[in-house]
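Notes to accompany the following structure.
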Amino acid sequence: MHNPRCDSIATIDPIVGAAGAAALCAVLAQRLPTSQSGEIASEPALTPLLLVAEKQLQPELRTWRPSDTPALSYLFGTVSGTAIVALFAILALPGWRLSELALSIFPVAALFMVYVAFIPRTVESRFLPYLDVDEDIVQVSNRVVVILVAALGVELMAFGVPRIIDLAIPMLLLGLAKASAWYFTFQTARHTSWCIAGAIRGFAMVASSNPFIQLSATQAIAPVLASILALGQLMAILPKQLKGGPVLWALILIPLVPYLANCLAIRVARSWAVGLQEHPVGILIRNAQADFEQLLQRQSKTYTAAVHEYQRRYGVEPPPGFEAWYEFAAANQSPIIDDFDTIYYSVLPFWSLSGREVLQIIDDAHNTPDIDLWLCSFSGDTAETRCTHPRRNSDRHISDLFNTLLGDVRGVLPDVRFLVNHLDEPRVLVPPASQQADKRKLTVSDLSEQPTWKAVTKHCGLQAQQLRDLSPQTEEQRAAVDTHGLPLVTNRSTALNLCQHPEYAATHGLFQAPPSFRLIEGRVPVLSPGRPSTMSDILFPSPAYLVEPEFRYNATADIPWSQKSNHLYWTGSTTGAVRLYEVFPTRIFQCAHPLPCREQAAHFRSVPWQDRDAALHAKLVFDLDGNGISGRFYKLLASGSLVLKQTLLREWHDDRLVPWAHYVPISVDMGEVPEVVHWFLESEKGREKAREVAEGGKEWFARAMREVDVKIYVWRLLLELARVVDEGREALAKVGEGDG
């Protein structure tokens with residue numbers, strides 16, 4: 001039986017086929033991972049520019065008759081109409097910026113001159129010679145190949161030679177796609193108009209846009225609409241008598257399918273828990289707020305009660321100077337009096353050594369080559385802290401921190417010597433007692449730019465038997481919350497426990513190839529701002545929180561919650577997105593070689609360095625680890641935006657900040673983020689809870705994380721350190737058997 005549809009397919013004009021092939025190849029070239037097309041954001045402007053050129057070079061010729069409809073004829077057949085289409089296409093591109101648009105003028109101008117050189121003309125041009133496609137294309141192609149080979153050689157010398165499979169296959173595919181796009185564009189343009197070259201490239205630009213990185217439904221649909229206009233422009237240029245022209249409308253599937261896939265992915269990412277009477281996130285928030293109230297209620301109200309609670313928790317007497325510390329804390333309305341478990345259990349491993357032995361270890365460690373530790377001395381008489389290093393001059397504000405906090409506490413604290421880590425990364429791994437015959441022995445291993453997971457988790461089996469579980473019972477009970485398949489953090493202690501999560505080896509930069517990681521194995525008392533669960537650094541507040549101005553909260557730069565934008569914000573340096581997200585790197589660095597940084601720059605869409613307070617204008621802000629702890633966490637917490645925090649590092653404030661009551665803890669794989677963000681921003685109850693937690697974090701920060709609260713912590717830390725390094729203290733075989 002005769003099938004007319006087969007006849008129509010068989011009779012597609014070769015010019016139409018060439019136009020379709022050119023568009024397909026151009027889109028493929030844009031989407032290949034080695035393509036860096038984002039640098040020519042003004043490419044859609046080629047069509048109106050080429051139309052102007054054709055009218056100048058062929059004034060008596062009518063190049064095409066777009067449509068009998070006046071509106072379509074204006075959009076596709078006039079300079080102003082095509083300029084409107086081009087402007088819409090440029091604005092529809094994701095994340096365009098004026099600076100990039102300005103820089104892209106130069107490559108677009110070069111392309112424009114190339115196309116103009118091939119336009120047949122009845123008027124001679126004084127600026128550009130005419131190049132005949134049939135006669136000159138081979139010579140032009142040969143010269144282009146020579147230029148590209150030379151450019152490749154310069155690139156290889158500048159960035160190094162990657163593995164051949166990493167270089168050859170992507171480059172061959174990209175070269176084939178671009179060459180094919182040029183070939184089919186030439187075949188189409190020589191029989192129609194060179195304006196079609198601009199239409200093809202403009203369509204490729206907008207059709208290859210990624211809808212998954214848009215902040216709103218409007219921004220996601222805009223490239224699809226721009227693709228329809230660009231495709232209509234392309235078809236309008238083709239002569240009407242050509243057969244098979246309407247088949248080109250199938251090209252709209254190129255932007256439409258990813259857009260629909262994005263819509264489907266958003267729906268799939270939203271769990272059916274949204275329809276429940278109470279969302280699991282709401283339950284976690286309610287439970288956390290109850291735990292927080294219990295934390296406040298159980299704090300001691302008198303000095304006698306504080307002493308009894310200390311004895312109950314730890315099974316020993318408080319350190320000398322505890323009464324003066326309590327009086328200062330109470331006088332300054334410290335909401336936390338008893339919950340300083342972080343300090344006590346940080347110094348606990350050193351009780352099995354005498355004070356003299358600990359001091360000897362401190363001296364030995366400081367004199368170890370390339371250990372990169374500061375030896376700090378606090379004078380009780382002058383309340384001054386001085387830090388020395390074998391080869392460094394700047395202590396990264398360590399002494400400034402202690403002098404700022406304790407400079408007015410003269411004659412109260414004893415003299416104390418202690419070590420402070422210079423690096424961002426944690427340092428100390430204390431072997432189990434059964435594996436350490438000489439408790440004063442220490443070794444240093446440089447694991448920089450190497451996998452560190454095996455080293456930091458090698459004692460997991462023994463630690464599970466020996467280390468005390470510090471998780472409050474209430475938190476253990478919270479783990480029973482039904483999360484309906486969402487990987488929500490229901491127990492922070494468990495989530496931070498490396499021994500229970502071997503998958504962290506491949507999902508956190510600290511364990512893959514940190515830029516610096518000098519592991520100290522031994523009972524060495526080293527102060528660090530953060531540490532993972534298996535390591536034993538003594539935690540102290542990072543100087544970034546108090547001394548470094550770029551991390552301080554600026555209330556004048558903040559805005560009320562009602563004026564904050566309705567999305568999740570994160571920008572940062574490289575140390576999955578659906579709508580409602582604004583997540584971009586601002587700097588790509590700390591690569592072992594230039595090539596990886598360049599490859600990341602080509603793959604990730606980065607943005608210029610952002611204003612330090614830009615995050616304060618979003619309702620949800622994302623905070624995650626860098627080389628070590630995140631210095632911007634306090635600024636975000638104080639801002640009244642809701643902080644979504646992903647970390648594997650414990651810090652000094654863990655005893656007082658309650659997850660889900662003051663901030664939202666995020667798992668390492670971030671699988672729950674789409675649902676959490678959607679619930680907080682798109683549901684009425686979620687928006688209410690988001691504001692509630694954000695305000696709770698802001699209020700608690702102002703009440704419990706003031707400079708004086710940090711001072712109270714550091715004061716108590718030095719009391720415990722002073723007792724540990726007291727030369728008159730003998731080693732204790734067993735200590736800390738309280739009921740805490």
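Every residue, even glycine, has its Cβ placed from backbone N, Cα and C.
Quick look at what TrEMBL annotates:
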- 71-95: transmembrane segment (TRANSMEM)
- 101-119: transmembrane segment (TRANSMEM)
- 140-161: transmembrane segment (TRANSMEM)
- 167-186: transmembrane segment (TRANSMEM)
- 193-213: transmembrane segment (TRANSMEM)
- 219-238: transmembrane segment (TRANSMEM)
- 245-261: transmembrane segment (TRANSMEM)
- 485-725: domain 'Glycosyl transferase CAP10' (DOMAIN)
In terms of Cβ proximity under 8 Å, which residues at least six beyond the ends of the transmembrane segment (245-261) contact it?
9, 12-13, 16, 19-20, 23-24, 27, 203, 206-212, 220-221, 223-224, 227-228, 231, 234-235, 238
I need to check the long-range neighbours of the transmembrane segment (71-95): which residues 6 or more away from its ends have a CB within less than 8 Å of a CB in the stretch?
41-42, 44-48, 51-52, 55, 64-65, 101, 195, 202, 205-206, 209-210, 213-214, 219, 222-223, 225-226, 229-230, 232-233, 236-237, 584, 605, 607
Looking only at residues six or more beyond either end of the transmembrane segment (101-119), which have a C-beta under 8 A from one in the stretch?
39-43, 45-46, 49-50, 53-54, 57-58, 90, 125, 128-131, 133, 186, 189, 194, 197-198, 201
